[in-house]
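This report concerns only the one structure given below.
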Amino acid sequence: MTDTNEKIRSLFLTALMVFSVFAGTIAFSGGAAAAANVSVQQAAEYDSGTVELALNGSTGSTVNTGDIDIYVDGNKNPSNYGVSSVDTTDDGTTGRLQFSLDQDVQPNRNLTVKVSGLTGGDNTVVAEDIDVTSQTIDADDDSGDTNAFRGEVLAIRADGDTDNDDATSSTKIVVEDSNGAVVTQDTYTANSKVYTYETENLDTGEEYEVSVAGDADENITISNLDLNVNIDDDVGDGANIDDKDTLAVNVSTTRGGEPANATLFNEDDDKVATQVESLKGNENVVFDFGNQSADDSPYYVKVTDNQTGVSAESDQINVSESDDGEASFESSTVQDNIGDVVNITVQVDNTEDAVINIGDENDDNYYIQGQLEDDNGDGEVTVQFNSYTAGNYSDSTVLSVPGDDDIDNIKEGGDYTRGSLSGDTLEAGSYSMNVTAGTSPDVTSPDTVGTLRLNENSVENIQTWAAPSDADIDDDDVDIYDRIGENLTQSDDVAAEDVVVHEIQASGIEGALEYEQEDGSASDVTEAFIAATDTTPYRINDSDATTSGLRLYVNRTDVGANADANPIDFSNSSDAVTVVDDPDNNTYFVAVDTSDVVFENGKTIVKEEDTRLNATFSVREGPLTDDRNSDSAIYTTSERDATLDLDDSGVVTVSAAAGQEVTGETNVAPGSELEVEMESESDANPFVIRPEVDVATDGTYTATADFQDYSAGTNFTVQTLDVDGDSDFSDEEDGRIVEADTATVSISEQESDGSEVVVDSAQLSEGGFIAIHAGNASGDVVGNSEYLGAGSHEDITVTLDEPMDEDFTAVAMPHQDTNGNEAYDFPGDDDPYTQNGSAVTDSANVTIVEEEQTEAPDTETETEAPDTETEEETDAPATDEPATDESETTAAEGPGFTAAIALIALVAAALLAVRRDN
């Protein structure tokens, strides 16, 4: 018994020793914290320049303004951020230090505070990177709603000013969404009356309720500032650039007028450069950081809105070391015609700049030079050389660059000069070209050489086209070729009041038109063409050359004997003329509205008469050529007319059914929209039907109308109305409604070997055929019957064009024999019988069956011995055994819990030992 007691005593003493070790550890930890210097638990700037430091203990002595140093973005005590006062209550001795600055700190600034002269320790406390808030909410103010942008840092103050709700470390702050769901729940830091709240994780467009100490005091509505930082090729050179390119970003936001701070960071997150610009609402603002070294790549740009502190970052921008720049021609030989604008494409690599030279002062007695800049960064610059103005006008009229690229420092020289545009242009022939990367005008060793070949110009052809009177052709009509076959048809007979389009195929015109449009007073291609081309009536027969040498006259030739020519006066017909140019194909379309043209004698085209016209385009002897080049086209304008198609009895016949067609033909331009008016002469069946029709390319038109609601035997009149829908220009014809052709058909489900189907019955009022469609009424026609006479038919066998090898749906459809040849000619002729506007049909499933083949019985029978081994798979009934969860021992954390476990284990061991001894 004594041994037992001694064992218990020893175990108990051991337990006390173990417990004392843990207890000592706990006591030592607390003692170490208590012995530390005073430190900052939380720091915040709020309420227009007020700073709070929540400390973990008293400063030991009152903090004065002279004890505080302010660092803004690393600058110590800037003059406009001085400490104006220290709160008399919260002076540090209470564990809270509050003081005011001369100026509010913007949320994008870095704020650090150093407090010196404290009692004990190292006498100093430092708060770095203090939370600078953009707005302050008073928990006891009940001021209502606060609007904030997502990403702002807000200060929620509970300082007991009115409701005695001074915050403590147990004061709860709760933020709930509009549905009452808690999104944030926290407590104030000890010795702090300010809770800093980040709105980054809140949803835009939502309203949130803020409660402090159980009271709902404030609502916050979250909006989106939409601060975007984009890498844009239009403002810089993109996301993958070299050290010669420009690193720039576009910044936009929904709210403008406020400054923003853009900082460029390198791969080590070190600041490289900073810019401040005022943002514009929904407009891009460019932050340009110029050229950057490849050594610190990649870079990114962080932009912070100064007022709210909301930030956004760009994607990564990679900068590589640039290679030596090089320039070349896309094609080493470029050719065009004298008077045209030559497009020369220069390609640049590892550079934005290049210098181009065209011609040689010694060999050609002419040269022009320009400095190119690839502003859009696509590696190409298209140079336009106007051979019409070369050697005469200012340099900029000769060399130009379209689009976003640029050309500067143009210099033209050589012995070749022109006093005016009436002087001779450059001679046809080959001219040297070269291009060199860089900006130096002194080129001794060009990167690439090439040849510009200028050929003689010519007038190849002029032909006429007809377009509807309302064709609305304009000078930006880039799709004029798409009109061909729709509302533009080649013709030398044009209906009066329609538009006649003169297609001129000629080279050497482009330069004169571009000069008038770019450097003259012309606002569009039409004005440029009229300005560059002599169309003056009284000078048409003048043998003297005009300034440009270009001439167009349209002369009336049917004026009779002993009469002067009567040309169109384009100067008084400007509203009637539209020009569409296609210089790439040396083609120019001059559209003239025949309803508006005025002749030299002041008269217009009489629409009731035929007028014969001769259009001639020429390049006269002058600056562009030494010889006259021309071509002419003769055409006639005729009275507008339309003729309706009649049956053998001289009337327009339609059936009392839907989808009835009335046809005719006209001389107005294809594509014109006409109307066919059909008006009843019966009081019992009154109607007026006006379907619209489009004139086809062959001059025909087809009007479709529904007569199924009107009785057979009704008479009506029919006439064609012009484009305006009022004036009729066809004779009024008689029309009659007759009985509609009718048909019925029936087919049943059946089995077939796939070669034929059987239609149960059909009734055809005018005879015809039964066609079989596969699948549905619009499916392929797979077979048709022989001709069936008018009347009823039963058990009609239709042989299929190709045998069917699988089941299908057969759709039986009666067709007419519209051309009377008793042969099935659909499509084209032999339309289906219809009812209510739809084809008459019936359908049934056809099952494909194969003929049974009888095979001779196999006389040899193989008998397999029974398998003596039987494998049985016995599915035993599933028994649900309880799964054994292997318990996982989780180490408890905390010194108190560990000590208790150890003590319990020792006591249990002691009791077990006693039991064994007993």
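Glycine is no exception: its Cβ is also placed from the backbone N, Cα and C atoms.
Here's what Swiss-Prot has on this protein:
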- 833-846: compositional bias 'Polar residues' (COMPBIAS)
- 849-875: compositional bias 'Acidic residues' (COMPBIAS)
- N37: N-linked glycosylation site (CARBOHYD)
- N110: N-linked glycosylation site (CARBOHYD)
- N250: N-linked glycosylation site (CARBOHYD)
- N291: N-linked glycosylation site (CARBOHYD)
- N306: N-linked glycosylation site (CARBOHYD)
- N434: N-linked glycosylation site (CARBOHYD)
- N541: N-linked glycosylation site (CARBOHYD)
- N572: N-linked glycosylation site (CARBOHYD)
- N585: N-linked glycosylation site (CARBOHYD)
- N715: N-linked glycosylation site (CARBOHYD)
- N776: N-linked glycosylation site (CARBOHYD)
- N836: N-linked glycosylation site (CARBOHYD)
- 1-34: signal peptide (SIGNAL)
- 894-914: transmembrane segment (TRANSMEM)
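Comparing C-alpha positions, N291 (N-linked glycosylation site) sits nearest to N250 among the glycosylation sites N110, N250, N776, N836. With every protein chain in view, the residue among the glycosylation sites N110, N434, N585, N836 whose Cβ has the most Cβ partners within 10 Å turns out to be N434. Shown are the glycosylation sites N37, N250, N306; of these, the residue with the fewest other Cβ atoms within 10 Å is N37. The helix, strand and coil residue counts that DSSP assigns across the compositional bias 'Polar residues' (833-846) are 0 helix, 9 strand, 5 coil. Cβ packing within 10 Å was compared across the glycosylation sites N291, N572, N715, N776, and the lowest neighbour count falls to N776.
For the pair formed by N306 (N-linked glycosylation site) and N110 (N-linked glycosylation site), distance between Cα atoms is given as 12 Å, rounded to the nearest Å. Cα distances from N585 (N-linked glycosylation site) to the glycosylation sites N434, N715, N836 are smallest for N434. When secondary structure is read from DSSP and collapsed to three states, N37 (N-linked glycosylation site) falls in the coil class. In this structure, N110 (N-linked glycosylation site) belongs to neither helix nor strand by DSSP; it is coil.
In space, N110 is the closest of the glycosylation sites N37, N110, N776, N836 to N250 (N-linked glycosylation site), judged by Cα positions. Reduced to three states, the DSSP call for N306 (N-linked glycosylation site) is coil. For N836 (N-linked glycosylation site), the spatially nearest entry among the glycosylation sites N110, N434, N572, N776 is N776, judged by CA separation.
Between the alpha carbons (Cα) of N776 (N-linked glycosylation site) and N110 (N-linked glycosylation site) lies a span of roughly 76 Å. Looking only at the glycosylation sites N37, N434, N572, N715, the one with its C-alpha closest to N110 (N-linked glycosylation site) is N37.
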